[in-house]
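J.: Shown below is the structure under consideration.
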Amino acid sequence: MNALAATNRNFRHAARILGLDSKVEKSLLIPFREIKVECTIPKDDGTLVSYVGFRVQHDNARGPMKGGIRYHPEVDPDEVNALAQLMTWKTAVADIPYGGAKGGIGCTPRELSLSELERLTRVFTQKIHDLIGIHTDVPAPDMGTNSQTMAWILDEYSKFHGHSPAVVTGKPIDLGGSLGREAATGRGVVYAAEALLAEYGKSIGGFWERWVLGSKAHNERGGKVIAVSDITGAVKNPKGLDIPELLRHKEATGSLRNFHGGDSMDPSELLLHECDVLIPCALGGVLNRENAADVKAKFIVEAANHPTDPEADEILSKKGVIILPDIYANAGGVTVSYFEWVQNIQGFMWEEEQVNNELRRYMTRAFHNIKNMCKTHDCNLRMGAFTLGVNRVARATLLRGWEA
């Protein structure tokens, strides 16, 4: 099942649980605006090449639309549409005053030079500048993009609209980015997992926290990371990986392969490795009906968007695996993006400690709100999160007078 079909299925299930009127349900499902543009640029060798860019603005009932821009060869309208819709529910779950959007360009970033990436980003911004804005739609980095991409968008947008630091988030600190933003998604995963495991009388170990945050902390509170994978490979050590050393190895070599502190493994085996907590962090659909029955983890924390297909969801639930859903677990990034936006509008920057403390407060509060929805509707955490998000957006839509 593709991402859009899976997202629509979860939405409709939540709508039935909430007893939403069919007209409201249909209204919430249809995107506010879908944008498709052609971006033609000269390559460094002088030849012309064209890429297709997308921006789906899903809903603005609760505030300006918000969502990342990804550069990836598999970017397509269905994926962008699904991720835009997920952002609508995610911002509502986190209770930040945004709607949802998502964008992307179908390209392979590593095949483009830095100057080609800049030209592509600027052309894309030129095509959509009148459809994004501080109080309209605020992009952010996603897969294949970073703070430098946001800097180019900010500069190009400002040529048309004047100095506008709040038009994007995830910017470099020197251009108005927020302290703590780069680690925010990982830090939010830690805070979300802490809240979940506390329900079961467990705690996060220091090694795991060091992995998620990439920090240099030395305290160990009983946990350990036994396997890690990324696009370059996978490595395991049942006694625990030395995460700071692994990060240094990755930075020096560009790969997880040949790390002396662990053994190489097939990346696909990592999902099936014996562990307490499994954290899928990259592409969607990695847990599916083919491998779900072999998953040995007790808890799954969805740091990626849509990593678990609905069929896998059912299999894992029957096995008793507790899944912390993506629309909550990876909301740390958009939450600190909101803090960045607030700081830009106020022209007053926060200390990193304040950013992190506020993030912990938002993530912990959201978890308890999800648990309350689970109790109210006798549902699992995924439907608890979806009913919480969908209900907030539906209420905002009705209060605004959507039929007028």
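Every residue gets a Cβ built from N, Cα and C, even glycine.
For reference, TrEMBL lists these features for the protein:
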| type | residues | note |
| --- | --- | --- |
| BINDING | K66, K90, S337 | substrate binding site |
| ACT_SITE | K102 | active site, proton donor |
| SITE | D142 | site 'Important for catalysis' |
| BINDING | T185 | NAD(+) binding site |
J.: Between the Cα atoms of K90 (substrate binding site) and K102 (active site, proton donor), find the distance and write it as a whole number of Å.
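T.: Given the Cα positions, K90 (substrate binding site) is 12 Å from K102 (active site, proton donor).
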J.: Relative to the Cα of K66 (substrate binding site), which of the recorded positions K102, D142, T185 have a Cα no more than 10 Å away?
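T.: Of everything listed, what lies within 10 Å of K66 (substrate binding site) (Cα to Cα) is K102.
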J.: Cα-Cα separation of D142 (site 'Important for catalysis') and T185 (NAD(+) binding site), in Å?
T.: 11
J.: Could you tally the C-beta atoms, other than its own, that fall within 10 angstroms of the C-beta of K90 (substrate binding site)?
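T.: For K90 (substrate binding site), the count of other Cβ atoms within 10 Å is 29.
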J.: By Cβ count within 10 Å, point out the most packed of the recorded positions listed: K66, K102.
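T.: In terms of Cβ crowding, the pick is K102.
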J.: Quick check for the class: what is the C-alpha distance, in angstrom and rounded, between K102 (active site, proton donor) and S337 (substrate binding site)?
T.: 14
J.: Between the Cα atoms of S337 (substrate binding site) and T185 (NAD(+) binding site), what distance do you get, rounded to the nearest Å?
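T.: Cα of S337 (substrate binding site) to Cα of T185 (NAD(+) binding site) measures 10 Å after rounding.
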J.: I need the least crowded one of these binding-site residues (T185, S337), counting other C-beta atoms within 10 angstroms of each C-beta.
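T.: Minimum Cβ neighbour count within 10 Å, taken over the binding-site residues T185, S337, occurs at T185.
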J.: Would you list, in sequence order, the residues of this chain other than K66, K90, S337 that have their CB within 8 A of the centroid of the site's CB atoms, where the site is the one recorded for substrate?
T.: G67, M87, T91, A94, I96, Y98, G100, A140, A331, G333, V334, T335, Y338
